[in-house]
């Protein structure tokens, strides 16, 4: 039998309770574990409903406050998920653990069933993926997937559809592989999804991805400022791994086919554009200006400084972002306020550029642009690593980080699209 875990903070109580009831009623589930960040209103609501849910389903509903497992980073999502892993590993009668965000309005029993069916085929990890708005998942596309393309282009990492997704199933083998790794236990913040995904592949686990056609309907953020901490922590997690090697041709990766995207998803805007436009004009310091001038492409530096005076985003195209990403991998310093704000501003510029150039042309055009960016970046990085391998003694497993300083120093010829240089 399986355990289903819902990590939570303060959420819509009715949604959380409904999801707990749904999971508890599933025939493959024996225990529902609710891991709370704190004992607030949501905790009290689950506690009040627990007796009736247990009585009606015959299943155990466990409430557990997340423990401080990582000690060097901010306590957040990572501590919550790792608290659940520790509980699962201590209860050997449980064979699989599912994770689902507690605020998902569209959650249903089918999510559990689809994951269980793939695990029955001896996959160690089953991840859920969804149709997403063309302006949603901007950290996934521009931070995680690009990082995987640049650093490990010949592995399956660039091709995992939603590597930051919090909806997944782990077998006991996979849970042990993750929790016994000190890097996982130390990643107490938003970077935990990056670590889970990376280590699953590094350790050769067998991975399946199942498609949820109705999408993940949950609370959206208002402006991109709300995502600043997540952005910094996800990028920092990627940077911490840049010298790691990943064996090639180990493990398997299978994906379920997609379905037509619902119109509601196609029409949704993932963030407040008007609020976001103001972000490039605020919180500037001389330190940020100095870092920008010292380390980055002059075209990007000029464009971002112009954006501090008036709305402009044409400078932050795909080439500019990839070049900036390489520089950030080498020089970014987590905890330095100027570096963190500069990372945020460059990323905001990229998101606005994508929105105005591609999303306004329609959903299909926007998704095609995102997928093309990943495909081209992966291919170019793979060719670069192939060239480097011919002159390097490491021939099995690699990290591309040794090429970063050289590439970061190369200046590209800027091709400005006049239509988007507003």
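Cβ atoms are placed via backbone N, Cα and C, with glycine included.
Lifted from Swiss-Prot, the feature list:
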type    : residues                                         : note
BINDING : 7, 8, 9, 10, 11, 66, 77, 101, 102, 164, 193, 221 : GDP-alpha-D-mannose binding site
BINDING : 132, 137, 138, 139, 140                          : (R)-glycerate binding site
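Among the binding-site residues 7, 9, 11, 102, 193, the residue whose Cα lies closest in space to that of residue 140 ((R)-glycerate binding site) is 193. A straight line from the CA of residue 193 (GDP-alpha-D-mannose binding site) to the CA of residue 132 ((R)-glycerate binding site) spans 18 Å. Report note: the (R)-glycerate site is defined by 132, 137, 138, 139, 140, and the residues of the same chain whose CB lies within 8 Å of the CB centroid of those residues, excluding them, are 136, 141, 142, 164, 270. For residue 132 ((R)-glycerate binding site), the Cβ neighbour count at a 10 Å cut-off comes to 21, with all displayed protein chains included.
Ranking the binding-site residues 137, 138, 139 by other CB atoms within 10 A of the CB puts 137 at the bottom.
When the alpha carbons of residue 132 ((R)-glycerate binding site) and residue 102 (GDP-alpha-D-mannose binding site) are compared, the span between them is 18 angstrom. Listed in sequence order, the residues of the same chain lying 6 or more apart from residue 77 (GDP-alpha-D-mannose binding site) and placing their CB within less than 8 Å of its CB are 7, 166, 189, 190, 192, 193. Rounded to the nearest whole angstrom, the C-alpha distance between residue 102 (GDP-alpha-D-mannose binding site) and residue 138 ((R)-glycerate binding site) is 21. Long-range Cβ neighbours of residue 9 (GDP-alpha-D-mannose binding site) (same chain, at least 6 residues apart, Cβ-Cβ under 8 Å): 36, 37, 38, 40, 42. In this structure, the C-alpha atom of residue 139 ((R)-glycerate binding site) lies 22 angstrom from that of residue 11 (GDP-alpha-D-mannose binding site). The most densely surrounded of the binding-site residues 11, 193, judged by C-beta neighbours within 10 angstroms, is 193.
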